[in-house]
């Protein structure tokens, strides 16, 4: 991925030198030409096309921000109710992530989401212990995490 970006920048700089025009517009045009060239050569270059990984990271950020906003409103709803009706609880989330950095990223995203805290990870790195401030059902909580956060974390790690 890094070599593809370096080649793209190199093509941009060469474009600036060949055209003898050192403007931002010309650099952007050279960058787009370099992007096209790297895309044509990405089967020969190591790794996947680097814009795919950048797109997946952007989707991870958007998904996390969406979950963050939904969780904030959920916690706000709990706080503003005159009666305490939430049912906090602990549950075990079994993950299919294989790499340590993916597991840590998922755990951090869960903890950063209001209303949930990761308490620990099992020794076999297949289970995450989570506390939720409003525990409706285990299946619903697990499906929520699996369909949103774990899905995009897994995609970022794919090659």
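Backbone N, Cα and C define each Cβ position, glycine as well.
According to Swiss-Prot:
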TRANSMEM  1-21  transmembrane segment
TRANSMEM  27-47  transmembrane segment
TRANSMEM  60-80  transmembrane segment
TRANSMEM  101-121  transmembrane segment
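Below 8 angstroms of C-beta separation, residues 1, 3-4, 7-16, 19, 159 of the same chain, each at least six residues beyond the ends of the transmembrane segment (27-47), sit close to that stretch. For the transmembrane segment (101-121), same-chain residues at least 6 beyond its ends with a Cβ under 8 Å from one of its own Cβ atoms are 64, 67-68, 71-72, 74-75, 78, 90, 95, 127-134, 145, 149-150, 153-154, 156-157.
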